[in-house]
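One structure is given here, and the rest of the page talks about it.
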Amino acid sequence: MSAKRVFEKFDKNKDGKLSLDEFREVALAFSPYFTQEDIVKFFEEIDVDGNGELNADEFTSCIEKMLKEVFVFCDVDGDGKIPASESYVTMTSLGKKFTEETSAEKVRAADVDGDGYLNFDEFMALVIGDI
């Protein structure tokens, strides 16, 4: 699933924009660990035009920013990749309720180049695909 499809899924009234309430649902789908304060702060930061709603471009930018922060946090040695063997820890840090086996299966599917690591694009596809 792409960021655009996530946008469409959570745009409940199909007006082409996400309200703060709709965005809150998205953020909590990514991770139940986001506080209301975090969500409002993210929303205000990415609402570039300040109209109180997110359009698809603002939303896509937000998704990438949120996931980049999580990725950098999980990329302990800063080499731009997360070992697939640590995927269970990574996914549970996002609040995902996977078994180690399920996590390993999802990572194997996301590790497109088969190098045993998740780069940012693979990581993003893995997390977005789970929403």
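Backbone N, Cα and C define each Cβ position, glycine as well.
It should be emphasised that the depicted structure is a prediction, and the values quoted were computed from it without experimental measurement.
Lifted from Swiss-Prot, the feature list:
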type	residues	note
DOMAIN	1-33	domain 'EF-hand 1'
BINDING	D11, N13, D15, K17, E22	Ca(2+) 1 binding site
DOMAIN	34-69	domain 'EF-hand 2'
BINDING	D47, D49, N51, E53, E58	Ca(2+) 2 binding site
DOMAIN	70-97	domain 'EF-hand 3'
DOMAIN	98-131	domain 'EF-hand 4'
BINDING	D111, D113, D115, Y117, E122	Ca(2+) 3 binding site
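Here the features listed in Swiss-Prot are placed on the structure.
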residue	record	DSSP (3 states)
N13	Ca(2+) 1 binding site	coil
E22	Ca(2+) 1 binding site	helix
D47	Ca(2+) 2 binding site	coil
E58	Ca(2+) 2 binding site	helix
D111	Ca(2+) 3 binding site	coil
Y117	Ca(2+) 3 binding site	strand
E122	Ca(2+) 3 binding site	helix
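Within the chain, the domain 'EF-hand 4' (98-131) has long-range Cβ neighbours (under 8 A, six or more residues past its boundaries) at 1-3, 6, 9, 26, 29-30, 63-64, 67-68, 70-71, 80-85, 87-88, 90-92. Around the Cβ of N51 (Ca(2+) 2 binding site), the number of neighbouring Cβ atoms within 10 Å comes to 10.
A count of other CB atoms within 10 A of each Cβ picks out D11 as the most crowded of the binding-site residues D11, D15. Straight-line distance linking the Cα atoms of K17 (Ca(2+) 1 binding site) and D111 (Ca(2+) 3 binding site), rounded to a whole number, equals 32 Å. Counting neighbouring Cβ atoms within 10 Å of each of the binding-site residues (D47, D49, E58, D115, E122), the lowest count belongs to D49. Residues 39-40, 42-43, 52-56, 59-60, 62-64, 66-67, 70, 94-95, 127-129, 131 of the same chain, all 6+ positions outside the domain 'EF-hand 1' (1-33), place their C-beta atoms under 8 angstroms from a C-beta of that stretch.
Counting in whole angstrom, D111 (Ca(2+) 3 binding site) lies 28 from E58 (Ca(2+) 2 binding site) by their C-alpha atoms.
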